[in-house]
Structure formats: structure tokens, C-alpha cells
Amino acid sequence: MEEQGHSEMEIIPSESHPHIQLLKSNRELLVTHIRNTQCLVDNLLKNDYFSAEDAEIVCACPTQPDKVRKILDLVQSKGEEVSEFFLYLLQQLADAYVDLRPWLLEIGFSPSLLTQSKVVVNTDPVSRYTQQLRHHLGRDSKFVLCYAQKEELLLEEIYMDTIMELVGFSNESLGSLNSLACLLDHTTGILNEQGETIFILGDAGVGKSMLLQRLQSLWATGRLDAGVKFFFHFRCRMFSCFKESDRLCLQDLLFKHYCYPERDPEEVFAFLLRFPHVALFTFDGLDELHSDLDLSRVPDSSCPWEPAHPLVLLANLLSGKLLKGASKLLTARTGIEVPRQFLRKKVLLRGFSPSHLRAYARRMFPERALQDRLLSQLEANPNLCSLCSVPLFCWIIFRCFQHFRAAFEGSPQLPDCTMTLTDVFLLVTEVHLNRMQPSSLVQRNTRSPVETLHAGRDTLCSLGQVAHRGMEKSLFVFTQEEVQASGLQERDMQLGFLRALPELGPGGDQQSYEFFHLTLQAFFTAFFLVLDDRVGTQELLRFFQEWMPPAGAATTSCYPPFLPFQCLQGSGPAREDLFKNKDHFQFTNLFLCGLLSKAKQKLLRHLVPAAALRRKRKALWAHLFSSLRGYLKSLPRVQVESFNQVQAMPTFIWMLRCIYETQSQKVGQLAARGICANYLKLTYCNACSADCSALSFVLHHFPKRLALDLDNNNLNDYGVRELQPCFSRLTVLRLSVNQITDGGVKVLSEELTKYKIVTYLGLYNNQITDVGARYVTKILDECKGLTHLKLGKNKITSEGGKYLALAVKNSKSISEVGMWGNQVGDEGAKAFAEALRNHPSLTTLSLASNGISTEGGKSLARALQQNTSLEILWLTQNELNDEVAESLAEMLKVNQTLKHLWLIQNQITAKGTAQLADALQSNTGITEICLNGNLIKPEEAKVYEDEKRIICF
């Protein structure tokens, strides 16, 4: 065998030579690669192998290589035990002596039990910094930020995962994520291998910041096993605090503005540059940057020592120009776009499902009786349930429930009427204003909401002033001077609505503040616009300027350009919908509509002069009506068969939300009249279950029958319940990709069978099981005009398949059934075969990807010999073989109606293909037989090049 050498010098195995000899023979290798001598000296002293005098001798050496040589001399002079311990140190302190890992593995060093019993103290700067970061993040992530500062809620006690979905570049679903650890998994959901950034998006309040806080906690406590040694967490809004002229190098950004190493920062930074893959960065809230930052057009800065503006450093970290290989997690609200070349994967947070909500109730209220009371009240009020699908709003409502329990002697009662988001925020404001009052052991606080808000008017005005000043500039962090200028007192700060930041501002010498959540800042901004009678019409309506037709909205921007990057605005094409990235304005408009609604006048007339209130209400309603009319007229329209279809944008969802906050039937009627179409398409609008309340509020005024397409949103079962007022008008209902379970299908069954007018029902890619399939069967049986049924990619097995097939068999109207991606198997296929036999109307059937094998396939083929209606049959991705191909060939000799037969990705060979091709000689009706992905070799497929109806590749 050829002898293998070492790059430095020949290695003498330790098992055949004393440890002293091993050190002597590899002396220059050790001198070259040992850079940290202090850690060695510390441990040799700790275990009494070195004396103080030995340590002084080492320290007196002028250069690092000299120190290493002196240590080696001293160690070897002290004998075999010390030499073995020296090697043990190199093995145990892996970060400090990372370059020696291959050598230690190659020599097969294995310490004795005596050596392993010795204490090793890790004073290596890199390891110390890792521990320092763990302590820092552990402290910051232990408690959840809470409204009331005197309360501290443990993250471990209240955190709960939400629905996490992997999505593609266009937000199409790629499947669910089951745990936070999967976020950093390098094998699932990868969109771009070259991308550096994992992008987490979701609506305000859906839990993006909490998710990052949970990740911090897991890493700090050693429960996130992802090979991460450095964890840097930044909130993007803090980058807005830097001045235009500020310049930092990467080391200063990480150390001076996050966590400074206790020892040898240069060595720590050098390790980070050399091994960037051991670092994890999280950047929370890209949408909260006070800049029209176009990440794809920021100047490159690939040198870690070159000073640059912090925003340039941020952009280059995300792109991988700086610290390429480090993991980066970036969060933003839905609507923010990040250049595709930056993205490694995208994750969409969808909030709480009904099962999440029940689990969260158990977490927040351990007492079973209390859980049952809360859940029964929520079930009785689907409007509240819908609000609770957003974790932040759920938490607020649950906190109010706790308050009612304490305030009303253990008999908590949530409101049983319709609640808007404005109601929720008014409620939490009232709760916390009351909690600041002195408590009495003998008398409950019985102040009315009017009295509570009147007593806290000055505090509300001061909070509103701070919020409004920030909102005008899209700023979310405030200096101490700005807070003091508003007149806020120390007792006001105890409410917890405005809180001190854990980190100091960029100057490092003054405290900064922020609102508990962006939605809270929007609420107090709206409150300020209502309370301050000096606010004129233009200022009142400022944030509505985005309610313009898409073509007009793209011409201006509320954001001042970020001066260092004039190219960020550029002269390129205008944005399609500038408003989509500015939810903080949208929430302000929403709360303004709620506060100025007729229902809130009794509450506000003691806070605002009557004349000012009338003036503001009049101005708001006039603007709301005209904006709504103009926007609806501008929406793109298209004629689809007998429908006049209008394609609405996400801005329309915000308009509906604002209309719902008014609770004005007049406004709802106006909106319904303005739609001027009988097919409303709201796909990919990121609508949640609470939005169904707003949609129903408008659509129940629609005078005619309507087609409604809500595919690819986030409605879940609560959203289906909220749509109940609309069902009497809906002929087309598309709810695919919406997290709907059997409970939601039950509601559909009950409601749609009341009116029996539905012709199209789309429920593709939900969470429907055999139980839900039976509810769909009822719809098929009783809705005699139903022509299209889409149930693909659910969880329906042969049992549910049999029920559905029987209903299809009995239907005289059904023309298209989609069952792709279920698991009906051979038994289900046989049932559908019976349905096909002599069916009068079914033209399209998809049983693709259903686990169908020989028996099921042959049954379908035999049935089609007695069918003259079916034109399209999809059997892609099953387990069909040549036996099935033979049966299908026999069928084709008889059936002249079938036009498209898809057998892609099955187990058919050249033999089965030949039989199908022969059958075409006597069939003039079929236009294609697709056999791509079967067991057919390219040379075998060449035989059929002239037969264009056989498609093999």
C-alpha cells in the first residue's frame, strides 16, 4: 500500500509512541496552527501542571510562535501525563484550535480516563462570545413583551406555533412546515440554492416577531441544533435611527450595536469571517424601514472592513455579498417583495387555525371550566373567532377575558355582539386605563367606558401625539426628547402601550421607545386625529391618499427618498400598488373609520367638541364614498362565459375592512352597488377569516346572484361561518387552498342546501377527510344544478370516495369532478367506475395521484365502454400497468367520445403502449394519450413518432 504523507510533516501515530514524541515530531505543525496560547496556559495553571513562574516565562516571549515553542518545551519537560493533557486541550477546545481538528482525527488521539477526569476551562474568545450571546439572547427572549409593564409573561408558557407554510416565488403553496427547526433545514422548500435569505412573511399581528423570539430562546438554551455559534438579532426599524452621514464597518455593526465581545474582538471577528456558516442573523420587520429601500439596487459592499451606511450593510448581508454562507432570516408584512436572487426559501405565517385556537385557550387558561366557558362563548360568536385567528388579537381578547374574570367576581363574559377591531382596541385601552386606578378590597371599579376614557383623555392625547408624529414619517422608534415633548408622564408609561427598547439608540447614550405593536401605534394615531380638534380635513384624510386607482397611486410616494440611494426610487416602471407595503397607514384608516362610526359617537362626544366631530365624520364619509366609487370603477374587468368578472386587489380587502369598521349599512349598500359585476375574484389577496365578516357585510346587500372566487387565501372554518349571509346569492363558490376542514364543509353543506343555487364548488387543497366528503355528498344530492366539483389534494380515502362516487352517479347535472391527490385507491376507483357507467352529463374526471392500481384501472376501463359523455380522464401518477393499458385499449375500440386520456407517471411499458397505439386505428375521437414518465425507453418511443396522438416524452 502506498504510504500517505502529511502536508506539514510525517505524522507518528500516538498509539505506538509516547505523547512527548508525538509533540516533538509535529512541533512545527503545532507552532504554525496554535494561535491562542492564553487558553492553554490558563488550563495548565488550573490543573497545577504549570506554576506561576512557568506562565510568566511564556508571557515574556515576544511573539506568538515563540510562546507556542516555549509551552511545548515546558510541557515536554514535565513528562508524559502533561503532554497527553496538552493534546486533550487541543481536542476539547475545538473552536480555539479549529485548524488542528484534521490532524487530531488523523492521529486518532484518544485520552486516558485520568486525563478525561481533568477540568478544562474554555477561555477561548470565540467560545466565550458564544456563551455571552446565549446569555444575552436568553435574557432578552425569556419574557414576552406585555401591555402592562408590571407584568412579566414567560415565553415558554404562552408561545404557540402558528400555521407555517412553505411558498414559492409567487406565494403558491409548497406544503406546510411542522416545526421551527425546519426553517433552517437545508433540504426542504429551497427555491434558490444560491440564495442566502429565508424570508418569513405574514400580516401584522400574525406572530413573526414572536417566532424569532422563540428561535432566540431555543438557541440560547441549546435546543436549536443547527451548528450555530453566533446568533445576531436586529430589528429593521432600528436602522431608521441612523443618520444619513453615519458610516460603520461590519465589525462595529455586530459588536458595538449588538453585543461586544468581552475578550479579543479581533479574534472573534476573524473567526466569523473565516467560518460564516456558523452564524445566524435574524432581521425583524423589513417593512418598518423608513426608506423606500430597493434591495436589488443598493451599492455593493463586499469588504467587511470598509465603512458603509448601515442600510448598505443590511442589504449586502441579505444578498450574501457580506458573510456569504451565513444563515439569514428576514421577516416582513405581506406585500413586501424581496429580490428573487436573495431568497433561499419563503415561509408564510397564516396565524391560528381552529385547533390552534383551542390549544392556545388551554395554554392561557389551565382551569378546565374556564377553558370551556371561553371556548363556548367564542363558538357562539364566529366574528370573535375570526379575529382570534390573528395571534395578537387573540392574545388581546384573551387578556380582556382574564380582566373580566377578575373584575366581575369570576364570571367572565365576552361581548356577544359583533365586534370590530376598533372595539377590541378600545376594550384593551379601557381595561388598562382601569387597571392603573387604585384598587379597593370592598368595592369594584364600576366606571363606564365613557368615564374611563374621559379620565384618561390626557394620556390618550399624549400617546396619540407620539404615534402620529411617527406615523407621518413612517417611523416606529422614538427618542426620549420626542416622548417627553408629548407630555407623557412616568405613570403613563406604566400602561405599557409605549415601552423602552432593550437596546440603546445608534448613539448609544440615550433611551429609545416604541409602541408595543405597530397596530397599536396606528390605533393611537387615529385616536389623535379624532381627539385633536385642530386637525383639519387634509390632515385627517392624509393616510387615505393611497386609496386611488392603481394607475394613479403609483405616481407618488409618502416616503421621503433615502438620500444616500437616489437610485432606489429610480426612473423605472412605477409600482403596481404602492399601498401594499404600508399596512401601518391602512390600520390607521381602519381605526379612523371605526372611531368615527355612528356607534362610537356616544363614547366620543365627551372627548371631542360636537362640531369638530360632525365635521370630521362628514369629511370622512364623503371621502370614503368617492374613493370607493373611483377604486371600484378602476378595477380590471373581463367577460368569462356568462359572467362579468372583476379582479380585485389587496387594497380592496382593506376597503372592505374599513367599511366593516363603520358598521354602516348605508356604506355597505353603496359598496355593493359599486361592484357592477357578477363575478368577484379575490384570489391571492391574503384575506383571513375576519375579512369574511367584512365581505359578507357588503355582499349581503348585493341585489343579484354572484360568483365569488376566494382561492388561495387564509379563511379556515371561521371564515366559512362568516360567509353565511352571502350564501343565498352565491352560484359559484371557490374556496381552494384555505385551510378548511370538515367543520367548514359542514357549514357549507347546511347553508348551500338551503338555497340550492350553487353550480360550482371549489375546495381543492384543503384539509377535508372522509367526514367532510359525506357533507359534500349532501350538497351533490340536493343541489341539482351543481356542475363543477373540485376536491383535489385533500385527505379523502376509499370510504369518502365511495360516498362521492354514488352522489356523482345520481347527479344529472354534474359535468366536472376533480379528485386529484387524494387516496381513494382501487375501491374508490371501482365506485367511480360505477358512476361513469351510462352517466348522462359527466365530461371531465380527474383521479390522478390516488393510489389506483390494476383492479381499479381495469374497472374504469370497462365502465367507459358504456359511457358516451366523458371527454377528459386524468389518471396521472397512479400505479397502472400493462394490464390496465390492455383494458383501456379494448375500451378505445368501443368508446368514441373520450378525447383526452392522461396516463402520465404510471408503470406502463412498451407492450402496453403498443396495445394503446393499435386501438387508435379504430378510434377517431381521441386526440391525445399522454404517457410521459412511464417505463418506456426513448428508442421504444421512436416507433410512435408518426402517431401524434401518442405522447411519450
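Every residue gets a Cβ built from N, Cα and C, even glycine.
According to Swiss-Prot:
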DOMAIN    15-105  domain 'CARD'
DOMAIN    196-531  domain 'NACHT'
BINDING   Gly202, Asp203, Ala204, Gly205, Val206, Gly207, Lys208, Ser209  ATP binding site
LIPID     Cys558  S-palmitoyl cysteine
LIPID     Cys567  S-palmitoyl cysteine
REPEAT    632-656  repeat 'LRR 1'
REPEAT    702-725  repeat 'LRR 2'
REPEAT    727-750  repeat 'LRR 3'
REPEAT    755-778  repeat 'LRR 4'
REPEAT    783-806  repeat 'LRR 5'
REPEAT    839-862  repeat 'LRR 6'
REPEAT    867-891  repeat 'LRR 7'
REPEAT    895-918  repeat 'LRR 8'
REPEAT    923-946  repeat 'LRR 9'
LIPID     Cys952  S-palmitoyl cysteine
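The two recorded residues, Ala204 (ATP binding site) and Cys952 (S-palmitoyl cysteine), have Cα atoms 49 Å apart. The residues near the ATP site, meaning same-chain residues not in Gly202, Asp203, Ala204, Gly205, Val206, Gly207, Lys208, Ser209 whose C-beta sits within 8 angstroms of the mean position of the site's C-beta atoms, are Arg333, Leu349, Gly351, Val390, Pro391, Leu392, in sequence order.
Here the repeat 'LRR 7' (867-891) has Cβ contacts under 8 Å with residues 820, 836-854, 856-858, 860-861, 897-909, 911-913, 915-916, 918-919, 930 of the same chain, all six or more residues outside its ends. Only residues 6 or more beyond the boundaries of the repeat 'LRR 6' (839-862), in the same chain, are considered here, and those with a CB under 8 A from a CB of the stretch are 787, 792, 801, 808-809, 811-830, 832-833, 869-881, 883-884, 887-888, 890-891, 902. A separation of roughly 50 Å, to the nearest angstrom, links the Cα atoms of Ser209 (ATP binding site) and Cys952 (S-palmitoyl cysteine). Within the chain carrying the repeat 'LRR 2' (702-725), a Cβ under 8 angstroms from the stretch's Cβ atoms is held by residues 163, 171-173, 350-351, 353-354, 382-383, 385-386, 388-389, 643, 645, 672-673, 675, 678-693, 695-696, 731-741, 743-744, 747-748, 751, 757, 760, 762, 764, all 6 or more beyond its ends. Residues 848, 864-865, 867-882, 884-886, 888-889, 924-937, 940-941, 943-944, 947, 950, 952 of the same chain sit 6 or more residues outside the repeat 'LRR 8' (895-918) yet have a Cβ under 8 Å from a Cβ within it. Lys208 (ATP binding site) sits 47 Å from Cys952 (S-palmitoyl cysteine), taking the C-alpha atoms as the reference points.
Nearest neighbour of Cys952 (S-palmitoyl cysteine) by Cα distance, taken over the binding-site residues Gly202, Asp203, Gly205, Gly207: Gly202. Mapped onto three states, the DSSP output places Gly202 (ATP binding site) in strand. When Cβ-Cβ distances below 8 Å are used as the criterion, the repeat 'LRR 4' (755-778) is approached by residues 173, 705, 707, 709, 711, 727-728, 730-742, 744-746, 748-749, 784-797, 799-801, 803-804, 806-807, 818, 821 of the same chain, each at least six residues removed from its ends. For the binding-site residues given as Gly205, Gly207, the lowest number of other CB atoms within 10 Å of the residue's CB is seen at Gly205.
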